[in-house]
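Colleague: The structure's right below; bear with me while I get my questions together.
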Amino acid sequence: MLNSPLTSVLFVLLFVLSPIYGAFEYMQLVLQWPTAFCHTTPCKRIPNNFTIHGLWPDNVSTTLNYCAAKENFKNIEDDTKKDDLYKRWPDLTTAETYCKQHQNFWRHEYNKHGKCCSESYNREQYFDLAMALKDKFDLLSSLRNHGIIPGRGMKYTVQKINSTIKKITQGYPNLSCTKGIMELVEIGICFDSMVKNVINCPHPKTCKPTGSNEIKFP
């Protein structure tokens with residue numbers, strides 16, 4: 001677990017703001033592994049760490065997308081905030097300057113998912129929360145400490161990855177793989193509706209390799 005300014009933001013968001021709960025039942029932080037993502041999508045850069053795909057409020061019985069909300073996305077003007085976001089939540093398909101100027105990826109994620117928790121978190125709080133939750137777990141270092149190390153030719157069973165992430169976060173994750181080549185491309189970490197505790201993801205989309213039950217972690 002990391003200590004950072006955004007970790008302090010997390011405590012403020014959870015305990016001081018006292019947001020209204022009930023519009024969503026759980027929250028999923030979706031982290032993507034850039035190496036695998038960029039094997040199937042042209043990228044401008046490939047960070048050697050997990051990056052944020054999105055922070056998705058959801059319900060167990062239905063999927064929440066493009067919810068009605070008073071606040072639409074407005075471009076982030078603060079340069080420090082843009083730097084913080086780009087470090088943790090970059091658009092891998094565009095150059096840094098373009099990403100920060102046009103903010104298409106952040107706009108898409110907020111309009112599709114962030115508006116579904118707007119009764120609890122405004123736009124600024126939503127992005128702060130996503131970054132703080134990512135910083136809460138140094139997932140790559142933790143996986144390495146448990147013997148799961150990315151690299152060319154590295155393979156692990158789905159069960160080992162699931163159980164290891166359970167040890168790290170206290171909840172079973174949502175694993176996604178690229179089709180065909182079975183590379184681990186995303187890890188979803190689920191939180192309760194108050195975003196205080198990690199829970200088992202309600203609808204885990206685990207990777208389903210054939211034969212050896214191993215998936216690649218490139």
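The backbone N, Cα and C atoms fix where each Cβ goes, glycine too.
Residues or ranges marked as signal peptide by Swiss-Prot on the basis of sequence analysis: 1-22. The disulfide bond annotation in Swiss-Prot covers CYS38-CYS43, CYS67-CYS116, CYS177-CYS207, CYS190-CYS201 and rests on similarity to another entry. Sequence annotations record features per position, and here Swiss-Prot assigns N-linked glycosylation site to ASN49, ASN59, ASN162 based on experimental evidence. Taken from Swiss-Prot, the feature active site, proton donor applies to HIS53, supported by similarity to another entry. Marked as active site by Swiss-Prot on the basis of similarity to another entry: GLU109. For HIS113, the entry in Swiss-Prot reads active site, proton acceptor, with the evidence type similarity to another entry.
Could you tell me the structural context for the features on the list?
Modeller: In this structure, CYS43 (disulfide bond) belongs to neither helix nor strand by DSSP; it is coil. Counted within 10 Å of its Cβ, the other Cβ atoms near CYS43 (disulfide bond) come to 17, all protein chains included.
Its own atom aside, the Cβ of ASN49 (N-linked glycosylation site) has 15 Cβ atoms within 10 angstroms in the protein chains shown. Mapped onto three states, the DSSP output places ASN49 (N-linked glycosylation site) in coil.
Around HIS53 (active site, proton donor), a 10 Å sphere centred on its CB holds 22 further CB atoms from the protein chains shown.
ASN59 (N-linked glycosylation site) falls within neither a helix nor a strand when secondary structure is assigned with DSSP, and so counts as coil.
DSSP classifies CYS67 (disulfide bond) as coil under the three-state reduction.
Here GLU109 (active site) comes close to HIS53, GLY54, LEU55: these same-chain residues lie at least six apart in sequence, with C-beta atoms under 8 angstroms from its C-beta.
HIS113 (active site, proton acceptor) falls within neither a helix nor a strand when secondary structure is assigned with DSSP, and so counts as coil. Within its own chain, HIS113 (active site, proton acceptor) has GLY54, LEU55, TRP56, PRO57, LEU64, ASN65 as residues 6 or more apart in sequence whose C-beta sits under 8 angstroms from its own.
Cβ-based neighbour count (10 Å, all protein chains) for ASN162 (N-linked glycosylation site) stands at 19. Under the DSSP three-state reduction, ASN162 (N-linked glycosylation site) is assigned to helix.
Annotation for CYS177 (disulfide bond): spatial neighbours ALA36, GLU183, LEU184, VAL185, CYS207, LYS208, PRO209, ILE215, criterion Cβ-Cβ under 8 Å with sequence separation of six or more. When secondary structure is read from DSSP and collapsed to three states, CYS177 (disulfide bond) falls in the strand class.
Around CYS190 (disulfide bond), the same-chain residues six or more apart in sequence whose CB sits under 8 Å from its CB are TYR26, MET27, GLN28, LEU29, GLY171, PRO173, ASN174, VAL198, ILE199, ASN200, CYS201, PRO202, listed in sequence order. DSSP assigns CYS190 (disulfide bond) to a strand segment in the three-state reduction.
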Colleague: Per DSSP, CYS38 (disulfide bond) is which: helix, strand or coil?
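Modeller: Reduced to three states, the DSSP call for CYS38 (disulfide bond) is helix.
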Colleague: Among the recorded positions listed here (CYS38, CYS43, ASN49, ASN59, CYS116), which has the Cα closest to the Cα of ASN162 (N-linked glycosylation site)?
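Modeller: Checking each of CYS38, CYS43, ASN49, ASN59, CYS116 against ASN162 (N-linked glycosylation site), the shortest Cα distance is to ASN49.
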